[in-house]
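J.: Under the heading topological domain 'Extracellular', Swiss-Prot lists 1-12, 85-89, 161-176, 255-260. Taken from Swiss-Prot, the feature N-linked glycosylation site covers Asn3, Asn8, and the record attributes it to sequence analysis. Here Swiss-Prot flags 13-49, 54-84, 90-125, 134-160, 177-214, 219-254, 261-289 as transmembrane segment. Residues or ranges marked as disulfide bond in Swiss-Prot: Cys13-Cys258, Cys94-Cys172. Taken from Swiss-Prot, the feature site 'Proton sensing' applies to His17, His20, His84, His169, His269, supported by similarity to another entry. The annotation topological domain 'Cytoplasmic' is assigned in Swiss-Prot to 50-53, 126-133, 215-218, 290-365 on the grounds of similarity to another entry. Look at Swiss-Prot and you will find Glu149 tagged as site 'Required for activation', backed by similarity to another entry. Annotation source Swiss-Prot lists region 'Extracellular loop 2 (ECL2)' at 161-176, citing similarity to another entry.
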Amino acid sequence: MGNITTENSSLSCPIDHTIHQTLAPVVYVTVLVVGFPANCLSLYFGYLQIKARNELGVYLCNLTIADLFYICSLPFWLQYVLQHDDWSHGDLSCQVCGILLYENIYISVGFLCCISIDRYLAVAHPFRFHQFRTLKAAVGVSVLIWAKELLTSIYFLNHKEVIEDEDQHRVCFEHYPIQAWQRSINYYRFLVGFLFPICLLLASYQGILRAVRRSHGTQKSRKDQIQRLVLSTVVIFLACFLPYHVLLLVRSLWERNCEFAKSIFNVYHFSLLLTSFNCVADPVLYCFVSETTHRDLARLRGACLAVLTCSRTSRAREAYPLGAPEASGKSGAQGEEPELLTKLHSAFQTPSSLGVGGPSTVGLA
């Protein structure tokens, strides 16, 4: 890349984007292909939790919606890196896509923190704090999280994010070295958006493990399963978010010149790409490991098999010679529709409650 002109001055800071332009398309395509269908299913399972009056579903749905917003911005970022970091859309679209890219991190962290606290209260204090474990309380907390991040987004809308370099490339959300106005918002992001929530999350999961170890009614295999789930959740959370925030803090503290910006560019953008995998990890950890979700998937699979079976039967009957006898005495869709509806109905018959009670797998995630 060439020299980048910032809001305040022209800075000669040519940075080689080759590694970033090679890795980013691979990551973005992977997250698009895997993350979009996974999060669509996750949204459906979260809806089932809400339908069962389980407050966990509110947090899961909001977490999934945030991930889907981010995934919807990936085609624009994919086009951007494939055009050698040249933003071909308007300034406002750059700001919106940048906000979706960065604010998704803190919206996700916020809801992951809420899920961990909710599961801690369910496991360690199942007969207390009911006022905090209701749909109304979950909706109120969700509104606060979205409002906090929307207010933060306004801060970026007041600054120019599309900058033209000496090669007439319009770079988006890239300032090298980091600007003064970015330092304060980065400190806020690190302390309030990451450090405080991760402390709450770690404390909650530690409390869950303590409560599970003290439980005499839980089998050892079940305890081991819970411990593995908690450990994997924490490890994936730290792997996705810790490197980026450490480097964000390093940039904010010490990036004063172009040489430092060039030296940290590749590792910083690699850490930013790691945050993208959170969109894939969320539905896996918080939905697809759930026992209730396994049952829902089995019902969904059964419904799909019912559709395919009826479709194959219909095609086979259509292949009969003219005048051939038919077992049902009916033909076409009229003979198949009742059978299909019956199979779909039986496949989706659910227990009276899909909620998660006590230390179940999804309850701990």
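The backbone N, Cα and C atoms fix where each Cβ goes, glycine too.
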J.: Spatially, and counting Cα to Cα, which of the recorded positions is closest to His20 (site 'Proton sensing')? Options: Cys13, His84, Glu149, Cys258.
T.: His84
J.: What are the DSSP helix, strand and coil residue counts for the topological domain 'Cytoplasmic' (126-133)?
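T.: Counting residues per DSSP class in the topological domain 'Cytoplasmic' (126-133), I get 3 helix, 0 strand, 5 coil.
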J.: In the structure shown, which of the recorded sites His20, His84, His269 has the fewest Cβ neighbours within 10 Å?
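T.: Among the recorded sites His20, His84, His269, the lowest count of other Cβ atoms within 10 Å belongs to His84.
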J.: What are the DSSP helix/strand/coil residue counts across the topological domain 'Extracellular' (161-176)?
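T.: For the topological domain 'Extracellular' (161-176), the helix, strand and coil counts are 0 helix, 7 strand, 9 coil.
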J.: Would you mind reading off the Cα separation of His269 (site 'Proton sensing') from Cys13 (disulfide bond), to the nearest angstrom?
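T.: Pair distance, Cα basis, whole Å: 16 Å.
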J.: Would you kindly list the residues that approach the transmembrane segment (261-289) from elsewhere in its chain, counting only those six or more residues past its ends and only Cβ-Cβ distances under 8 Å?
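T.: Counting only partners 6 or more residues beyond its ends, the transmembrane segment (261-289) has Cβ contacts under 8 Å with 13, 15-17, 19-20, 23-24, 27-28, 30-31, 34-35, 38-39, 41-42, 45-46, 60, 63-64, 67, 70-71, 74, 104-105, 108, 112, 115, 176-178, 229, 232-233, 236-237, 239-241, 243-244, 246-248, 250-251, 255, 297, 361-362, 365.
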J.: How many neighbouring Cβ atoms, not counting its own, are there within 10 Å of the Cβ of Glu149 (site 'Required for activation')?
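T.: The answer is 19 other Cβ atoms.
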J.: If you count the C-beta atoms lying within 10 Å of each candidate's C-beta, which of the disulfide-bonded residues Cys13, Cys94, Cys172, Cys258 ends up with the smallest number?
T.: Cys258
J.: Could you check if the transmembrane segment (90-125) is in contact with the transmembrane segment (177-214), meaning 3+ Cβ pairs under 8 Å among residue pairs at least 6 apart in sequence?
T.: yes
J.: Work through the recorded positions one by one (His84, Glu149, Cys258) and name whichever has its CA nearest to the CA of Cys172 (disulfide bond).
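T.: Out of the listed candidates, the nearest Cα belongs to His84.
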J.: Within the topological domain 'Cytoplasmic' (215-218), how many residues are helix, strand or coil going by DSSP?
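T.: Once the DSSP states are binned, the topological domain 'Cytoplasmic' (215-218) shows 0 helix, 0 strand, 4 coil.
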J.: Tally every other Cβ atom lying within 10 Å of the Cβ atom of His17 (site 'Proton sensing').
T.: 19
J.: At the level of the C-alpha atoms, what whole-angstrom distance separates Cys258 (disulfide bond) and His84 (site 'Proton sensing')?
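T.: Just about 20 Å between their Cα atoms.
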